[in-house]
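Data block below; observations after.
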């Protein structure tokens, strides 16, 4: 999810996850967060048009406060702050938030409330989170901690639960990645993201890169977030120049692209007025993103996902009208790429993902 420039179509999902544990390997310190996805049916602006299967979101679990309360949050490479609903907060559709996503500040003796109100808007501003900026400790299984980390406790959010934003952020005490380095838990401020082939699990590394999880060599970009591509090639071979920059957004289940690209894809496969196509019409097609140094291929089956209606798939692709006219590459892209970024050098690395149980975790070299 992208703060200030986020898609308005947010359908959250629930997951059970393993704890995060700082690990030392080959003298390289890093934190490993296990991710898991599950399904929650939230609100969708096209919900009246078809009976949807749920979209994917990926979650992890943090231990927060002196009592080490376990709180589930959604991983988001498109935003930069952590927020969690507090007791009595309302989430999507003004419903109660899931119990395992609520942080009970009154049970922590290390909690401090700044009393500063915080409002974060998303998409074109129609969705938001309201709460207060607070401070508390984040703990790990081995006893290590990030002391007095800055985040928000919300009283209201338009989303299913809290967001764990890991995008580059200039405020060190509110950037989880930078705060982990400042606490001495990692050598370099950076993260790497890998989603498994089974679509239900993944791994977020802080302070390290798993060289076994990608094909070939990483392509590097000098950036804090947005990257520039050269072109896209759709399933019929038509090449379309990429004019505007793109952000990688693990909090978005869709691809948000310029209108001419969306129109070309929809025309090619014959999308109806509700965004639906016969599933057999999108098999064996590929959407290719050429970044110059590397090309990432996305199967159409990841862009047009199955619904509960037999042989009816729905497009997870939209224009940028709800994202502040910014292009964002959501879950269909993130599943096909290994993403790593070093905040210290402001370099981002991409490579085609390699799905394997093998691991070769190293410190940052770029």
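Placed from the backbone N, Cα and C atoms, the Cβ positions cover glycine too.
Per TrEMBL, active site is recorded for 76, 249. Residues or ranges marked as disulfide bond in TrEMBL: 279-313. According to TrEMBL, the domain 'Peptidase A1' annotation covers 58-351. Sequence annotations record features per position, and here TrEMBL assigns signal peptide to 1-20.
Shown here: features listed in TrEMBL, placed on the structure.
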residue: 76; record: active site; Cβ neighbours (10 Å): 25
residue: 249; record: active site; Cβ neighbours (10 Å): 30
residue: 279; record: disulfide bond; Cβ neighbours (10 Å): 19
residue: 313; record: disulfide bond; Cβ neighbours (10 Å): 25
Discussion item. I need the CA-to-CA distance for residue 279 (disulfide bond) versus residue 249 (active site), whole Å please.
Written reply: 25
Discussion item. What whole-number Å value do you get for the CA-CA distance of residue 249 (active site) and residue 76 (active site)?
Written reply: 7
Item to complete: Based on DSSP, name the secondary structure state of residue 313 (disulfide bond): helix, strand or coil.
Response: strand
Worksheet, complete the sentence: The rounded CA-CA distance in Å from residue 313 (disulfide bond) to residue 76 (active site) is 26
Worksheet item: Across the domain 'Peptidase A1' (58-351), what is the average pLDDT of the model, as a whole number?
Response: 95
